[in-house]
Amino acid sequence: MKKMNLVTAALPYVNNIPHLGNLVQVLSADAFARYSKMSGIKTLYVCGTDEYGTATETKALIENTTPLELCNKYYEIHKSIYKWFNIEFDIFGRTTNKNHQDIVQNFFLQLEKNGYIKERETEQFFCNKDSMFLADRYVIGECPECQSMAKGDQCDNCSKLLNPTDLINPKCIICKNKPILKKTNHLYLDLPKIKTKLEKWIKNPDTSKNWNTNALKMTKAFLRDGLKERAITRDLKWGIPVPKKGFENKVFYVWFDAPIGYISITKNIIKNWESWWKNNDQVNLVQFIGKDNILFHTIIFPCIEIGSEENWTILNQLSSSEYLNYENLKFSKSEGTGIFGNDAITTGIPSDIWRFYIYYNRPEKSDFQFMWQDLMERVNTELIDNFSNLVNRVLTFQRKFFGDVIETIEIQNKFWKQITPKYNKILNLFKKTELKSALKEILKISSLGNKIFQDNEPWKRKNNSPQETKELISNLIYLIRDLSILMMPFIPETSKKIQQFFGNSYQFSTKILGTKSGIKKIEFTEILFNKLEQKKINNLKLKYSGDKNMKENEQAENLPIAKEQPENLFREKVLLRVVKINKIERNPEAKNLFILKLDDGTNKDKQIVSGLEGYYTEEELLGKHIIIVDNLKPAKFRGIKSEGMLIAAEDKNKNFKVIIVEDSIQNPIAGERIILENDQNKDLACPPKIDINKFLKANIVAENGELKINGINLILENSKNKILSKDIPNGTVC
């Protein structure tokens, strides 16, 4: 069994400021490395800037500077942004380090010695106007696979690896003129010759079992289509020189040298670097990448290592993610679309909030849309109303009624039997790099803690049963300590602050989870987070939209709804949730209006007003689970605020029935989202506030006793059970 975790995040290009989409990988690796260290595993987290290649050379031309000066500038920018986000690298280096050239050239010489390098005369694009051969990224054109605009090495849209000559209507990126083909010599890595060894390695059950499904599928498809020789040299000035006669004016292709940067960056800092990089039996190499980098990490880099015929530490565990997009657009460095690292710093929103939201929506299986409204709602409900609320209410109650000193507690076995089995599940999710799921399981424990507090009503029992109440609160305090440990990989500054409340030195070890000792006193407490306000979010959304995006958004808003499929409108505009009716009051100003107090899973009552007199008695509805439009703009009815609208079915005879979600049949959970059946396992954004007309245009109907949109069933997100309309089998939903 491997005893050490070597963790890497894809080396970011140092030609621009990183945006939130770029940060997914370094943050993911950071959370895993923190978990690994808390678990007592010897861990090294390595990253750095990828500084050679076409992207840097072209950016330097644009900024009228040298490539090295450009790299120096952006390296410092990257470092400062990662520091603000509390990314705890063990090593953060550069591929322009003193060891990089030697290691890259040694890999090449070893590959050449072993017969895996071929020299080919080839035709390459040449720009007559600029009098230069054009490296792959100096050529742009239409992708032959998906017809999107692409550069000459890879299509960002469909991830297909390309050669510049594959592009349709190619153009020089500098002058935009059409280049000509001209003969030149280049060196190629003979991937077909390494294929047998590569496939043997991939088929080893200890290898690919730890890869994401999308990474394995993409790699197998690439192998199935047949490996081709891959050029490893380029006609550039900025890069690692090729140590071969006749190639003095060429450099290595950036994706030949960049993965080797993981090794050279380590060697540049650590003397015993070989104990990490030449120790495949003991070291578990865990790599975090985006889906556009999959083939370079599962094909190219392993082939370089295998072809060298040395005992390099090779990929064991791969965590690849999909794209994080911005408000229905892609983050784009070149177009300036989306939130960049320096923007996040100036928003006034703490780094732990940004971290939380990115982990909560980590695009593990499908692309995710960053939405400002969703940021506010997820943070306010899950991070603050759930997690932060538990910490505040328990510690405040202890100090107010029982003082700062924590007495030796009586362990409540019933309490901990609900909690401790969940710890192993969470740690296993961390181990498998399923970070989003791990975070959501932690939040479920926090929600359970709130429920235990609420159900036991300590504010009522503190006088009649003071000892039992003390024990309850003390057990909850140790639960909070455990939550601070589990949340440490995600929100480290907040976790440290919680442990500062207890006055102890930091105790971030998974070994103490579930233990009930070590906390003597509460030194102080304070609110962990302030809620995000709607006005602030609106201003930030406007500030970071840009004129072009604002116009596009306005055009999109003004498109006739008739052209939009109802299921798409529902997916993008409507948020339905299950709620439980806890209390019913009559509006004193209008007796036909019921005021419903609802449990929506946030431990904070939600209120809606509905005209149900004559249709139902209070007794018929109390305790029932119903469905509400949760993103309806608030309104007042006879002076009473309503924060949503329940949904009901109506048939052609005007019979009207509220949609009841049956406990015994459908197993609903308060706060659970209602989704389309074909949206299972998708990361869905939280839609903005809407008016009633927008909801009605989603055209939900009851059809043969089931709620549907355009023939697609509505289901409970967790249990996947269909939403039923037993009393009105066929009709409209309003």
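A Cβ is built for glycine as well, from the same backbone N, Cα and C atoms used for every other residue.
Here the structure is a predicted model, which means the values were calculated and not measured.
Now, the feature entries from Swiss-Prot:
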type	residues	note
BINDING	C143, C146, C155, C158	Zn(2+) binding site
BINDING	K333	ATP binding site
DOMAIN	570-675	domain 'tRNA-binding'
MOTIF	12-22	motif ''HIGH' region'
MOTIF	330-334	motif ''KMSKS' region'
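Counting every protein chain shown, the Cβ of C143 (Zn(2+) binding site) has 20 other Cβ atoms within 10 Å. A 10 Å cutoff on Cβ-Cβ distances gives C155 (Zn(2+) binding site) a total of 23 other Cβ atoms nearby, all chains included. Listed in chain order, the extra residues whose Cβ falls within 8 Å of the Cβ center of the Zn(2+) site residues C143, C146, C155, C158 are P144, E145, Q147, S148, A150, D156, N157, S159, K160. With a 10 A radius on its CB, C158 (Zn(2+) binding site) counts 14 other CB atoms from all the protein chains.
Long-range Cβ contacts of C146 (Zn(2+) binding site) within its own chain (separation 6+, distance under 8 Å): C155, N157, C158, K160. Each residue in the domain 'tRNA-binding' (570-675) gets a DSSP state, and the totals come to 12 helix, 52 strand, 42 coil.
Each residue of the motif ''HIGH' region' (12-22) gets a DSSP state, and the totals for helix, strand and coil are 3 helix, 2 strand, 6 coil.
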